[in-house]
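Notes to accompany the following structure.
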Ligand SMILES: O=P(O)(O)O[C@H]1O[C@H](CO)[C@@H](O)[C@H]1O
Ligand SMILES: [Mn+2]
Ligand SMILES: [Mn+2]
């Protein structure tokens, strides 16, 4: 019996996909852009010089990025010995959103089109917001537009505190986001409002409602908290998580994984906020996980704190921190364990706007029994789900080719 650990680096893309033109993302390259700006000396706050990721490099990160883009990321080389199996994967799903990426890597690509609120202003139908407000016992709301979640707090957070009107906003993703002050509005009240919105959004085919609680006194110091909660719909078919749980295995969610799969196929759940706490929780879960377990962690900060914020310096520091924790995982592995490092989409911090970017994701595989080498280009993230199915000796998934 075996175990698997999946480290999901949210938004860590490694170069635009062949279909990036459909998304306005030709040339986007989250990893490559960060490496370039660091090597140029453009990310010197709290860190310095070329991007330093010695452990990810040894596992094959630079080589797979070269495979994806045809360029060696600045400050990296292809000469050093590689101890992991490495490749990069394109996305079959129609969107570049978080649930699509996660479901596809668990073997279930999203082949239908999500609903989107495409208008940048007056984004939501009045009929929808009227229903949500009425059921929640509220009379007005703020926002009704596409926005960056931190910018909209600066703009409307104080008015929200004064009036008690929730802030509704969206983005290029299939999302309906609600920002409310944790203390003046109340966290439980926000969660109830999100649950109502989730129900009312069913006919609109929207992938996620996201609760965006924040704290602070004024626009000068508003800060979003770790009490963010995602209300996703259920994946359209059983994922490899469902299969493993049904087979008597354990599926241990660390961070927001459980929410992204609408809790389907999750047997255990650990919440943690911030990269350090997510790493600590991951290592603890690995220490405690029995055979036939999957430990699955979403490292959301790359995306929410740095990618969407277009904070390249912060993204670089976070990557360097992530890299320093890898040896602690390596020393804990048992003979049959495998580790997969991947991502769900890109979010290039040098790109225009604040949305995700359509990119290849890294696929890194290592463990005591894994033969190092080139896994090449994978046509779908579902190759990960298929490999997990094979590793856990489950019946094969409908999509994907195992690389094991
Ligand atoms: O700007 P914030 O609130 O972080 O929102 C971003 O996070 C959502 C989920 O990834 C995206 O749809 C984007 O809108
Ligand atoms: Mn994501
Ligand atoms: Mn995101």
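Just so it is clear, glycine is given a Cβ too, placed from its N, Cα and C backbone atoms.
Copied over from TrEMBL, here are the features:
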BINDING   10, 344, 345  Mn(2+) 1 binding site
BINDING   303, 308, 356  Mn(2+) 2 binding site
DOMAIN    3-394  domain 'Metalloenzyme'
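Across the structure, residue 10 (Mn(2+) 1 binding site) and residue 303 (Mn(2+) 2 binding site) are spaced 5 Å apart at their Cα atoms. Close contacts with ligand 3, defined as a Cβ under 6 Å from any of its atoms, occur at none of the binding-site residues 10, 344, 345. The Mn(2+) 2 site is set by 303, 308, 356; from the centre of their CB atoms, other residues of the chain with a CB within 8 Å are 10, 11, 304, 307, 345, 347, 354, 355. Cβ neighbour density within 10 Å is lowest for 308 among the binding-site residues 308, 345, 356. With a CB cut-off of under 6 A applied against ligand 2, the binding-site residues 308, 344, 356 are reduced to 344.
Ligand 1 lies under 6 Å from the Cβ of 308, out of the binding-site residues 10, 308, 344, 345, 356.
Counting every protein chain shown, the Cβ of residue 344 (Mn(2+) 1 binding site) has 29 other Cβ atoms within 10 Å.
In this structure, residue 308 (Mn(2+) 2 binding site) belongs to neither helix nor strand by DSSP; it is coil. With a cut-off of 8 Å between CB atoms and residues at least 6 apart in sequence, the same chain places 10, 11, 98, 347, 356 near residue 303 (Mn(2+) 2 binding site), listed in sequence order. Mean model confidence for the domain 'Metalloenzyme' (3-394) is a pLDDT of 98. Sitting within 8 Å of the Cβ centre of 10, 344, 345, and not among those site residues for Mn(2+) 1, are the Cβ atoms of 8, 9, 11, 12, 13, 98, 101, 102, 303, 343, 346, 347, 356, 361. Taking all protein chains in view, 25 other C-beta atoms sit within 10 angstroms of the C-beta of residue 10 (Mn(2+) 1 binding site). A straight line from the CA of residue 344 (Mn(2+) 1 binding site) to the CA of residue 308 (Mn(2+) 2 binding site) spans 14 Å.
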